[in-house]
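> Here it is, the structure, as structure tokens.
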């Protein structure tokens, strides 16, 4: 069942974008940004964390923001934003996503921007994970994003315009202890995004059918509830990311038509180099960084937590 709530709007203030590559924030734009148009965005997992910050910031720049989440939108925000619209939707259900599309088309028209942000994490040894837990995690973190794109992208292709953003994680490239299933889902998201982007580019060059832009976001540890009980092993080398700052960096990348990968903070850009090292050196790196220790000693409950 899709349930809609209307959220009221408030004005915002400019925040400083620290810990992000300045080149991304100052790229020249040779094509008009989709944010300069009468756009409507759909954000999954937008009731908290990064998704909530993206919803607030986008509401100040575009016509409408649609939040689709199984969790309710925060009560305190319901009196502050008038162009954010909440729909309750479980992205593991294709029927609910199809009903969501019908409701959005009826109430708001077509979607121009998709941000796949919804996600869950289990901090458990792989052998202690049940099949149901693994299936649920993959269903939300990967297949749910596929369902959203396959359902809404057809209109983007017909209109020859759109922007799709997939939120992955550096843990899809280098995974610490007890996050095997989560790392696998985010690694699969990275691979899916690359294949999807090539597909849309081929449509554009071969058939002139689409102007869909894509952006992959690979952040480090974001300071949200998902990993709230996992301490940062090194605030100097791998600082937590403030969700509001990452949201602004993503929007800046959209404004400048940055169409590759947004890595944040700086150390994420070094991960491809780490992956070229032989396994003994990777093992030593993970040991001295403390990343395995903080996840293996986390008091995390078994139940998953939604939203990045």
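Glycine is no exception: its Cβ is also placed from the backbone N, Cα and C atoms.
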> Looking at Swiss-Prot, 90, 117, 182, 186, 222, 224 are annotated for NADP(+). Which of 42, 50, 262, 270 sits in that same site?
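Of 42, 50, 262, 270, 50 joins 90, 117, 182, 186, 222, 224 in the NADP(+) site that Swiss-Prot records.
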> Taking 50, 222 as the binding-site residues to compare, which has the smallest set of other Cβ atoms within 10 Å?
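Each of the binding-site residues 50, 222 was scored; lowest Cβ tally within 10 Å is 222.
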> Between the two most separated Cα atoms in 50, 90, 117, 182, 186, 222, 224, the residues recorded as binding NADP(+), what distance in Å do you get?
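Result: 23 Å between the two most distant Cα atoms.
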> Other than its own, how many Cβ atoms are within 10 Å of the Cβ belonging to residue 117 (NADP(+) binding site)?
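For residue 117 (NADP(+) binding site), the 10 Å Cβ neighbour count is 26.
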> Which residues does residue 186 (NADP(+) binding site) neighbour through Cβ under 8 Å, counting only same-chain ones at least six apart?
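Spatial neighbours, sequence-distant, of residue 186 (NADP(+) binding site): 141, 168, 169, 171, 172.
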> Does anything in the same chain, at least 6 positions from residue 90 (NADP(+) binding site), have a Cβ under 8 Å from its Cβ, and if so what?
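Residues satisfying the criterion: 70, 96.
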